[in-house]
Amino acid sequence: MDNHFFHLVKHSPWPLLIALNLINSITSITKLILNSSSLMCFFFVFISVLIMIQWWRDVIRESLYEGSRSLKINYMIGSGMIFFIVSEICLFSSFFWMYFYYGLSPDMETGSVWPPFKITQMSFMDIPLLNTMILLMSGFFITWAHYNLTMNSFKNSMINLMMSILLGLYFLVIQGYEYMNSSISFNDSVFGNSFFILTGFHGLHVMIGLIFLVVMMLQLIKKKFSFMNMNGFEYSIWYWHFVDIVWLFLYLTVYWWGM
């Protein structure tokens, strides 16, 4: 028996595999942008999902069946999740910095105006407003699911969590529809670059958040949560609210102010 509060993790192949696969994913995304070749991109995303499933399976197994979690360890894991979200905030801050840099001081190549000359403006009252309402409603349902879980109402919690997942999927469908019908392309000067980088990276984080929520849904169906043990569920809520807040900033800056 260990005489300390810490958990010394076992040897695991998943960190190395996910790191190598992310390198391949970045390469395939670059190929997608340059050559419109999406096969390799979807392949490496699929492999990433498989690795994430296996990795989370091991983490859940350590927590539920091996007794490797204590209050001290849960506190440290929660702190790690907070620092991870802070690092994501820094990532999006750099993208918003880029957008404001070019938006507040447009150069001659963009016609000295923002959006650049001959760029068809997009109404912030159209699809972007719909997506905003969808994501906010998704955040409301996942918060309600957490409240129901604290009340030991598993059925209502599952219903609300399912509604949150479905609204997240609907958000991605509407976002894809906007891309397909948009008059802006990635090659439309720095405006097109910044628009698709910001909205695309946000969409990627929505996908990651949905995977997180689906894993929590499976755990909830198997009744592996209780009002005393729901750390993973709370971490997924933190991440989903982070995605909500980023979209609000994106809506106000890119769609409302930028257009």
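Backbone N, Cα and C define each Cβ position, glycine as well.
Residues or ranges marked as domain 'Heme-copper oxidase subunit III family profile' by TrEMBL: 2-259. Confidence for the domain 'Heme-copper oxidase subunit III family profile' (2-259), expressed as mean pLDDT, is 84.
The transmembrane segment feature in TrEMBL is assigned to 36-56 (among others).
Look at TrEMBL and you will find 77-102 (among others) tagged as transmembrane segment.
The transmembrane segment annotation in TrEMBL covers 122-145 (among others).
According to TrEMBL, the feature transmembrane segment maps to 157-175 (among others).
Look at TrEMBL and you will find 195-218 (among others) tagged as transmembrane segment.
Annotation comment: TrEMBL describes 238-258 (among others) as transmembrane segment. A Cβ distance under 8 Å defines the sequence-distant neighbours of the transmembrane segment (238-258), meaning residues of its chain 6+ beyond its ends; these are 81-82, 85, 88-89, 92, 96, 99-100, 103, 114-115, 122, 124, 128-129, 131-132, 135-136, 138-139, 142, 164, 168, 194-195, 198-199, 202, 205-206, 208-209, 212-213.
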